Amino acid sequence: CYFNNCPVG
């Protein structure tokens, strides 16, 4: 995850 973006848990 990056800051606020989590495409794949």
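Any Cβ shown, glycine's included, is placed from N, Cα and C.
Annotation comment: Swiss-Prot describes CYS1-CYS6 as disulfide bond. For the recorded site, CYS1 (disulfide bond), the DSSP three-state label reads coil.
Sequence annotations record features per position, and here Swiss-Prot assigns glycine amide to GLY9.
Summarising the environment of CYS1 (disulfide bond), the number of other Cβ atoms within 10 Å of its Cβ, over all protein chains shown, is 8.
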